[in-house]
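Before any comments, here is the structure.
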Amino acid sequence: MSKKYIVTWDMLQIYARELAQKLLPVNQWKGIIAVSRGGLIPSALLARELNIRFVDTICVSSYDHNRLRDLKILKYAAGNSSQIIIVDDLVDTGGTGKIIRNLYPKAKFVTIFAKPMGKLLVDEYIIDIPQKVWIEQPWDMGVTYQSPLVRDL
């Protein structure tokens, strides 16, 4: 993927607030399940905006910075309920989204960004992104991409 969509911290906060508005009224929600790692920061922003205190994680491994790899569930979260919001940063090819839908069919599944191959899997999202565009999230960047201190072996 040669084209990139650069997301700044400011943009992410604005988009998360827009997503939170779509999730009102808040009394319909009991908690949030973040899809780790991409959904961690959007989940924190939504939890703040909606004043939700219960936040859990499902840990899914699918990317190595910009390379898709086999999906693995590292940790499950309890909570298949229509009162739970599942949050990820994006839906891309739909691999993770299909797993989320199968595990939590009653939950509300939301993302900030959606690409064409996966967007039918989410209930709400904010920004359409073309399939061949790579999204650079602010937690992955300094001035340029910074490798994590610890990498997969």
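Cβ coordinates are placed from backbone N, Cα and C, and glycine is handled just like the others.
Here is what Swiss-Prot records for this protein:
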{"type": "BINDING", "residues": "Arg37, Gly38, Arg69, Asp88, Asp89, Leu90, Val91, Asp92, Thr93, Gly94, Gly95, Thr96", "note": "5-phospho-alpha-D-ribose 1-diphosphate binding site"}
{"type": "BINDING", "residues": "Arg69, Asp92, Thr93, Gly94, Gly95, Thr96, Trp134, Ile135", "note": "GMP binding site"}
{"type": "BINDING", "residues": "Asp89", "note": "Mg(2+) binding site"}
{"type": "BINDING", "residues": "Asp92, Ile135", "note": "xanthine binding site"}
{"type": "BINDING", "residues": "Asp92, Ile135", "note": "guanine binding site"}
- Query: Considering only the binding-site residues Arg37, Val91, Gly95, which residue has the minimal Cα-Cα separation from Trp134 (GMP binding site)?
  - Reply: Val91
- Per DSSP (three-state), Trp134 (GMP binding site) is strand
- Query: Quick one: what's DSSP say for Val91 (5-phospho-alpha-D-ribose 1-diphosphate binding site), helix, strand or coil?
  - Reply: strand
